[in-house]
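Taking it in order: structure first as structure tokens, then the write-up.
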Amino acid sequence: MKLILCTVLSLGIAAVCFAAPPKSVIRWCTISSPEEKKCNNLRDLTQQERISLTCVQKATYLDCIKAIANNEADAISLDGGQAFEAGLAPYKLKPIAAEVYEHTEGSTTSYYAVAVVKKGTEFTVNDLQGKTSCHTGLGRSAGWNIPIGTLLHRGAIEWEGIESGSVEQAVAKFFSASCVPGATIEQKLCRQCKGDPKTKCARNAPYSGYSGAFHCLKDGKGDVAFVKHTTVNENAPDQKDEYELLCLDGSRQPVDNYKTCNWARVAAHAVVARDDNKVEDIWSFLSKAQSDFGVDTKSDFHLFGPPGKKDPVLKDLLFKDSAIMLKRVPSLMDSQLYLGFEYYSAIQSMRKDQLTPSPRENRIQWCAVGKDEKSKCDRWSVVSNGDVECTVVDETKDCIIKIMKGEADAVALDGGLVYTAGVCGLVPVMAERYDDESQCSKTDERPASYFAVAVARKDSNVNWNNLKGKKSCHTAVGRTAGWVIPMGLIHNRTGTCNFDEYFSEGCAPGSPPNSRLCQLCQGSGGIPPEKCVASSHEKYFGYTGALRCLVEKGDVAFIQHSTVEENTGGKNKADWAKNLQMDDFELLCTDGRRANVMDYRECNLAEVPTHAVVVRPEKANKIRDLLERQEKRFGVNGSEKSKFMMFESQNKDLLFKDLTKCLFKVREGTTYKEFLGDKFYTVISSLKTCNPSDILQMCSFLEGK
């Protein structure tokens, strides 16, 4: 910091003065003179703020994306297709704030893309070839990118890539005629538009936008209109019963059923920026700007809108006129997660020059956590003749993210993580059963369960009522028996979320490295040490790891009811376990008593659902069928179990729990809430308000959209 020597003459004292730190500057990228003018007005109004604004004008959105990537500008608000482009290499920009819009259902940062048809016309999504179509505009999300990308992805529209001609040419061959404002090169795509022949296909023509595309359908110029879920209610609320939605499963549904009958969720426009230390300054500036100049403020300057402008050149400057506020995007979010799997896939399908070959439909991409799981998964892949392929990540949350992105298909998770995966849009399809093999062939109405228990050494004086200040051992943060249940009970009793202050020290893999709950952890013993990581690289990870932590360092372990039995009496040959006996341990009951390890039905913390395989909803049936085939070969009674055993890994619980007798089918359509049960869902929902993980924050943001 610059020092200035200044003299206070009246007192005759020399003093050292500190100059004010230099102001941070945000460089906003604009793409037109009206937008630059609005930006400069905002700049002038915020000159006295801690963070100031400058404006950088470029010719196009892509020029702005390049400028931000090259550190010549800092931010711009983009629509979904542009945000897709910005997220690709070499730009790698990320969304940091989302525009929020007011709809009849309330404020939201997304909408649904739907296909609207007149009731009584009877055709389905599978009969669109040869029909006439109405679109909001070329390159627009609900009107073009999603419907055309989806039809390409499904193979309905045939297109071999850019070398075979443009996407517009392929669409013109698919529909008999269309109105696609902006598609002036392809005549058939303008044939159904109305107005002056010279301007009827312009981007601001009568049939452009949501209302225009709907009126194209209403006027009989099209058989189907690709719009957003609110369009019919906004344009013909009294006639909505005359229209229906085309669903991707081949059915039709009423207009109000858009949540279950849509082609994709479309994310709002997002402010994108480089993933660097400027992000906080950008959000601080935007937060202050919307506080001073947002909706319902008394300022003459409007950050958003105002809506209802007649001149299209003056519409949507800096932000959409319909925006009512900006909402911070969680830091874990990239453009692919922000846009969502369906929308991202639709756009990818329109960029075949950049696509990798599609994977075979009859195989599964399993997500393995850490090198031990990767090793087992690779052996499974070999004996499965490639029906199972493997991708490896460092932490379980990364599996959830990969499945969300379509980069993996499945992973088996414990109940606490099934909750997180469920918030992230995944569904349970198969669940592990640990006791009764005779039930394996059934599809359970009620999921199988196990008991979460607290275990202490028999020779200690620990009980449930004196745990505060003791040393604790947990399977991992966020897992059911090792975290959710015990911490949920402690949270209910104490009201505190400061769990690392409740115990003197502990090992809860996945905790912050400097937390008390990492102090007992051992790591891998190698380089890097990987201490306190939530994978098998940490010696005290998982059920067996938590028991080992109790044996070597801790006062209490939070584990599953069968863990002690599985690792005592010579069943675990490892040095730390080979001499252990079941009678060395006791259960801690919540009434303060202690009990024999086998009395878990009467002395437990909770009965909880077993681990489950989670997938994206559209993959559920295929993965369920494939896993059934794999289990017939490599399960407990598999025909080829001499080659490989799915449920065996020397007490390490790799990929599945070693105790698993079989995988049973979760009833089709079961939600994660139904699978977890009301009691467990209530406990975990309450607990998750305490310091929610970054992935839960991200998925809660998406779920709230």
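Cβ coordinates are placed from backbone N, Cα and C, and glycine is handled just like the others.
When Swiss-Prot records Tyr450, Tyr543, His611 as binding Fe(3+) 2, the matching candidate from Asp409, Asp414, Asp575, Asp583 it lists for that site is Asp414.
Per Swiss-Prot, the disulphide partner of Cys367 among Cys390, Cys399, Cys424 is Cys399. The region 'Connecting region' annotation in Swiss-Prot falls on one of the ranges 352-360, 370-378, namely 352-360. The cysteine that Swiss-Prot pairs with Cys261 in a disulfide, picked from Cys216, Cys247, is Cys247. Between Cys497 and the candidates Cys390, Cys662, Cys690, Swiss-Prot records the disulphide pairing with Cys690.
Reviewing Cys29, Cys55, the cysteine that Swiss-Prot connects to Cys39 via a disulfide bond turns out to be Cys55.
Matching Swiss-Prot disulfide entries to the candidates Cys134, Cys179, Cys699 identifies the partner of Cys424 as Cys699. For the pair Cys39 (disulfide bond) and Cys29 (disulfide bond), the Cα-Cα distance reads 9 Å. Here the C-alpha separation of Cys201 (disulfide bond) and Tyr450 (Fe(3+) 2 binding site) works out to 63 Å. On the backbone, the CA of Cys497 (disulfide bond) and the CA of Asp414 (Fe(3+) 2 binding site) stand 22 Å apart. Secondary structure at Cys549 (disulfide bond), as computed by DSSP, is helix. Note: the Fe(3+) 2 site is recorded as Asp414, Tyr450, Tyr543, His611; in the same chain, Gly415, Glu432, Thr475, Arg479, Thr480, Ala481, Gln560, Thr610, Asp653, Lys657 also have Cβ atoms within 8 Å of that site's Cβ centroid. The CA atom of Tyr450 (Fe(3+) 2 binding site) is located 59 Å away from the CA atom of Cys179 (disulfide bond). Candidate binding-site residues: Asp414, Tyr543, His611. Nearest to Cys440 (disulfide bond) by Cα distance: His611. When the disulfide-bonded residues Cys64, Cys193, Cys473, Cys662 are compared by the number of other CB atoms within 10 angstroms of each CB, Cys662 has the fewest.
Fewest Cβ neighbours within 10 Å among the disulfide-bonded residues Cys399, Cys603: that distinction goes to Cys603.
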